[in-house]
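Data first, discussion second: the structure below is written as structure tokens.
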Amino acid sequence: IEVTTVGEEANQGDRLGFGQRCCSLGSSSPWLYRTAGIFPEHGTEEKKMVLYFAVAPQASKSQRSGCHGRAASEARPGGATAAFRARVGERRRDGVVRGPTMLVTAYLAFVGLLASCLGLELSRCRAKPPGRACSNPSFLRFQLDFYQVYFLALAADWLQAPYLYKLYQHYYFLEGQIAILYVCGLASTVLFGLVASSLVDRLGRKNSCVLFSLTYSLCCLTKLSQDYFVLLVGRALGGLSTALLFSAFEAWYIHEHMERHDFPAEWIPATFARAAFWNHVLAVVAGVAAEAVASWIGLGPVAPFVAAIPLLALAGALALRNWEENYDRQRAFSRTCAGGLRCLLSDRRVLLLGTIQALFESVIFIFVFLWTPVLDPHGAPLGIVFSSFMAASLLGSSLYRIATSKRYHLQPMHLLSLAVLIVVFSLFMLTFSTSPGQESPVESFIAFLLIELACGLYFPSMSFLRRKVIPETEQAGVLNWFRVPLHLLACLGLLVLHDSDRKTGTRNMFSICSAVMVMALLAVVGLFTVVRHDAELRVPSPTEEPYAPEL
């Protein structure tokens with residue numbers, strides 16, 4: 001936004017802490033200051049985006065009146081504010097939704113989705129009697145010891161999600177620089193994810209969970225710095241922490257369940273099904289909590305990261321006090337990968353399943369990056385928007401359980417196809433709703449909610465199919481091979497976005513994602529053709545089999 005002003009108003013940038021340095025923005029306007037896109041006094045590295053320009057006090061009246069054709073009447077004390085408001089008003093009238101509209105839409109969507117989830121879950125709980133695992137006191141105590149630590153870790157993880165992009169934007173990094181930070185995090189997740197199982201077995205599962213608390217706390221502390229290199233280190237620590245979160249806790253629980261307590265193996269899926277449900281609930285609550293601390297505490301977007309540190313410290317302390325250490329026999333990393341590759345190449349079902357996962361989840365990673373810059377400029381409350389996303393995902397998971405029940409008896413393969421179709425449709429919506437100059441944030445928000453709803457259908461469906469198709473002994477190796485193309489595609493997409501024009505890059509990225517999801521849909525059709533007569537991939541009709549979704 002270009003604003004013309006003179007006198008004291010031109011120096012407002014300095015009083016707000018902006019440096020003042022005259023720079024040429026072209027041969028026709030060498031007298032302009034770059035006030036909101038400042039050059040620090042101690043160096044020349046540009047760290048802030050240009051928000052408005054102000055005419056230098058020493059500019060002559062004729063220069064001021066001729067600046068980009070603006071009238072001299074605009075160059076008077078108070079003219080900057082008036083011109084700024086007028087231009088913002090023009091942009092709003094040209095199709096940009098006002099902040100209050102997006103604010104009300106987000107809260108209404110959140111309340112509606114939450115009410116739907118509560119209704120479905122309450123009706124399911126009334127219809128289904130508790131199983132025998134729920135009445136065993138020993139098992140309940142063991143489960144509670146696990147949940148106390150695990151849920152604190154998950155809550156700390158979710159608390160940071162709504163404001164990660166906003167924090168980098170708050171530090172005035174450009175979208176391309178933020179994309180590199182995300183790529184660093186994804187690359188770290190790939191590298192540490194490949195060796196996480198071996199690392200956990202070597203260190204011990206309990207020690208690995210405590211290490212997770214330490215590394216993730218350090219990751220949160222790096223967010224207090226505005227130094228780009230420190231933030232890159234923080235993203236690398238975040239990748240290590242994510243790898244530990246989704247390997248060490250589950251490995252500790254399964255070993256204790258089977259080896260130390262000797263509980264029935266069929267109780268394990270019930271434990272993780274309950275964990276998946278409460279994981280969604282924690283995500284919804286974390287979004288609201290992040291919105292509250294970011295708004296009420298004076299720290300701004302960094303507040304949720306500071307608030308996550310006590311949760312991580314408490315999780316580590318409880319693990320140290322209540323958990324016993326356990327180890328497992330280490331299998332050579334090369335043998336694990338070699339076995340996984342053989343399984344991947346010898347079974348067409350596994351190959352198609354891996355293709356679907358890589359294409360679908362890489363698009364989800366890009367969506368995670370893009371939703372904030374699409375909605376935030378229109379005044380969306382990021383924490384409430386994030387909670388709405390998680391409520392939509394929870395609704396999808398509830399619909400999955402209902403659809404695969406004895407009453408409807410739909411198969412996971414059908415629901416996987418439906419999830420991919422919903423994402424394809426949503427991405428086509430986004431290519432139009434993010435068109436430069438014709439943005440429609442409400443339509444974009446609805447499309448994002450549909451994507452999250454599809455994720456709620458996709459993850460339990462994919463988890464069921466993987467468990468049936470991939471031999472248990474080869475699952476770790478096969479999943480390693482699945483993750484590599486998944487993260488590579490996501491990194492490639494973010495790098496393409498990094499090199500694109502800001503105005504058209506977002507829309508073009510959604511167009512590319514649409515094409516990727518069409519390929520995923522073709523892979524789903526291919527898998528459906530291969531397994532349509534495979535009784536092993538059907539949900540048993542007499543009883544509802546509890547599923548253990550991937551968290």
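Positions of Cβ are set from backbone N, Cα and C atoms, glycine also.
Curation does not apply to TrEMBL; its annotations are automatic.
Pulled from TrEMBL:
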type: TRANSMEM; residues: 102-123; note: transmembrane segment
type: TRANSMEM; residues: 144-165; note: transmembrane segment
type: TRANSMEM; residues: 177-196; note: transmembrane segment
type: TRANSMEM; residues: 232-254; note: transmembrane segment
type: TRANSMEM; residues: 275-297; note: transmembrane segment
type: TRANSMEM; residues: 303-323; note: transmembrane segment
type: TRANSMEM; residues: 350-371; note: transmembrane segment
type: TRANSMEM; residues: 383-403; note: transmembrane segment
type: TRANSMEM; residues: 415-433; note: transmembrane segment
type: TRANSMEM; residues: 445-465; note: transmembrane segment
type: TRANSMEM; residues: 477-497; note: transmembrane segment
type: TRANSMEM; residues: 509-531; note: transmembrane segment
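Against the transmembrane segment (350-371), the recorded stretches 102-123, 177-196, 232-254, 477-497 differ in Cβ pairs under 8 Å, and the greatest number is found for 477-497. If you count C-beta pairs under 8 angstroms between the transmembrane segment (415-433) and each of 144-165, 383-403, 445-465, the highest count goes to 445-465. Within the same chain, residues 178, 209, 212-213, 216, 220, 242, 245, 249, 252-253, 256, 271, 275, 278-279, 282-283, 285-287, 289-291, 294, 301-305, 307-309, 311-312, 314-315, 318-319, 322-323, 369, 372-373, 376, 382-383, 385-386, 390, 551 sit at least 6 positions outside the transmembrane segment (144-165) and bring their C-beta atoms closer than 8 Å to a C-beta of that stretch. Long-range contacts of the transmembrane segment (445-465) within the same chain, counting only residues at least 6 positions beyond its ends with a Cβ under 8 Å from a Cβ of the stretch, are 102, 105-106, 109, 113, 276, 353, 356-357, 360, 364, 367, 371, 374-375, 380, 385, 388-390, 392-401, 412-413, 415-416, 418-420, 422-423, 425-427, 429-430, 433, 537, 539, 547-550.
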